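Participant: In case it helps, TrEMBL gives these features for our protein:
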DOMAIN    B:94-385  domain 'AB hydrolase-1'
ACT_SITE  B:S179  active site, nucleophile
BINDING   B:R249, B:D381  substrate binding site
ACT_SITE  B:D347  active site
ACT_SITE  B:H380  active site
There are 2 protein chains.
Amino acid sequence: MSTSGSTIAAGSAGTVETRFLDLPAPVPLDCGRSLHPVRVAYETYGTLSPARDNVILVCHALSGDAHAAGYSAAPSAEASTRDGFGADDRDGSAGKALGWWDGMIGPGKAFDTDRFFVVSTNLLGGCRGTTGPSSVDQATGKPYGTDFPVITVADMVRVERAFLDELGIARLAAVAGGSLGGMQALEWAVSYPDQVDAAVVIASTHALGPQGVAWNAIARDAIMRDPAWQGGHYYGTGSAPSDGMGIARMVGHITYLSAPALDDKFGRRLQFADDIRYTLTEPEYEVESYLRYQAASFVKRFDANTYLYTSRALTYFDLARSYGSGSLERALDRVAARALLIAFSSDWLYPPSASTEIADALRTLGKPVELQVIDAPYGHDCFLLEEARQTPIIRRFLEEPS
Amino acid sequence: MSTSGSTIAAGSAGTVETRFLDLPAPVPLDCGRSLHPVRVAYETYGTLSPARDNVILVCHALSGDAHAAGYSAAPSAEASTRDGFGADDRDGSAGKALGWWDGMIGPGKAFDTDRFFVVSTNLLGGCRGTTGPSSVDQATGKPYGTDFPVITVADMVRVERAFLDELGIARLAAVAGGSLGGMQALEWAVSYPDQVDAAVVIASTHALGPQGVAWNAIARDAIMRDPAWQGGHYYGTGSAPSDGMGIARMVGHITYLSAPALDDKFGRRLQFADDIRYTLTEPEYEVESYLRYQAASFVKRFDANTYLYTSRALTYFDLARSYGSGSLERALDRVAARALLIAFSSDWLYPPSASTEIADALRTLGKPVELQVIDAPYGHDCFLLEEARQTPIIRRFLEEPS
């Protein structure tokens, strides 16, 4: 909606502003509780067609936000980093000038804003404008902390559905996302089959395997074992579980990248000259220093409780359990949307096998599905980094008639 | 040495006692400092030949100790667990009845005590009897804590050399170990080439790759960020960095196992019945519960500073940097021992590629080397679990004339 073209590079969604919308009714949650009020932070790119039939909802991953594309109207002092391993910086993009999926959303891009009206929201439980554990609980006048209900991916999607209702949008031409964003896209296709024409599910899964469950449990435990977490009620205490969050982020980082990518980028290069300094406490290797830097920058921009809730939600996500009595095929039986699945050969956190399982189930059911496994070295981060190779695949898929 | 056969199963090294020996002279260290006194905890199995030419030194991994085989003379109340994923319990085996490599050491086993005199020591920096950061610094009358010098694998081997001198053992028929133990075996072959006839290097490497460096850095950071660590001077304070150590152990555990092994063992099975309970703080999945159990049992038996020092040493280990000006081939040029390298297909922490690099370098140099990559699913833990398949390989290798 808000686009200005004067000083903006070709292909950019332009300068965008994050907006906020309060849902009119309480949102019922899977856990049995309901949540009210719920505010949603969102951005839009492109123009809504008169028939309201050109809407693409973009869903973000664990540490993302509503600022998916274009330049932020309120840029921070920090510069955007889009080179090399900058995925982390864009993934969250808090206050950063450039949106976390800017390479994918804009005029002529994969999600082409010359044709589509692209909507991006901060997810339920978030810390970037949408109601989450750091929001004020109107019942107490204080931030929820861990009194916030434990939420699921289905709850996130329920909020997105209610939010789009307020915008007067009944149908989605497509719903798209990577990682946890891809889980939301799948959930949309299953929960609202008659309202989604196409789903673009990237580097995602129908259910995380036990290794992924374990990484998430370790990250959450690192936060919860930090005494500064204070049972989740650290807001206003002057401290926050930054040490634990830092560890969680480091674990995340290494699981987002592949071993060969780390070999290429860092090898065993030392920080200082070509010799070790015999230190326990200081980083010696470049990769050690890199991890500490990423941890320190992440804790400045992200809320630890949001990390916990979001990590728990993506761990719980399990289409077969929720909708198929254990059968993925049964769960997907209600899907009506065309599906595009993209996976990356080096992604060991959300391995291609999960996408293959989804594709196989859809094919068995006779439903339209396209699976593309891109041979690329950057691990799970590929969904943020390999924009150029995803673009023609997504453009072609979106051009096909429904 | 101490073997009794009455109630011991066939093939057992018998009941063994951990002994202690104080080195007579200060040990010079790579960092430039020297250490005195140094006590070494050790066990022996089998009988030393009159010619003293049948000695095998067995080196342990990060969380191990001198009790490698047989039943402990002072068994703890805890039962030994040798089934399935019991590697962790044996790896450290603190007070456990059965040694951590009992399946490999004993009459008729891989390291056959009917033929060889097998010696196992707790490594320098350890917390199971050998001098380490929890030992009393005679200069202050208090435990070293982080005043303990930062040590290297070469320092560990230097202590082992000085220890064997005291036993009157000049040569080794073989030196053997897995993981960090394999690094020690490699270091022996490079540092004391004329004193080692054969080296058995299992699931190890000449230098950890950046992903392994990163996992170790994360584990150390988890410990050091725990306020109970107190800069390393927690002894006698009534608290210890158990929370951080627990996280370190969880990270270790997942890296020791393969994703398929976790799939097989846990899948996505829930702890309670077949539904989720919407909890942030409690384990929901079996793998989450397993991790917490492993963390809790590890912190009871292992010292956090020993973890830090040992992790730093194995990260520093880099034969090419230390001995070859960056060239592995140059570093291995001095090796005279026959080498047996064993790697495991599913080990992604110490992948077979590292063993292949060593084998290639030795072959190029025209030195005798055998590389065996065992196709097994348990990841790095295979070196503790796949005893049956390693046994014939090692027995045959040790039977060859030098």
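Yeah, the Cβs are placed from backbone N, Cα and C, and that goes for glycine too.
Since this is a predicted model, take the numbers as computed values, not measurements.
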Participant: Would you mind sorting out which of B:S179, B:R249, B:D347 (the recorded positions) have a C-alpha within 10 A of the one on B:H380 (active site)?
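Facilitator: The recorded positions close to B:H380 (active site) (Cα within 10 Å), listed in sequence order, are B:S179, B:D347.
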Participant: Rounded to a whole angstrom, what is the C-alpha distance between B:S179 (active site, nucleophile) and B:D381 (substrate binding site)?
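Facilitator: It is 9 Å, counting Cα to Cα.
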Participant: Could you tell me which three-state DSSP class B:H380 (active site) falls into?
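Facilitator: Helix, per DSSP.
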Participant: At the Cα level, what's the spacing in Å between B:R249 (substrate binding site) and B:D347 (active site), rounded?
Facilitator: 18
Participant: Using C-alpha atoms only, work out the spacing between B:D347 (active site) and B:D381 (substrate binding site) and round it to an integer in Å.
Facilitator: 8
Participant: Determine the Cβ neighbour count for B:S179 (active site, nucleophile): the number of other Cβ atoms within 10 Å of its Cβ.
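Facilitator: The Cβ of B:S179 (active site, nucleophile) has 28 Cβ neighbours within 10 Å.
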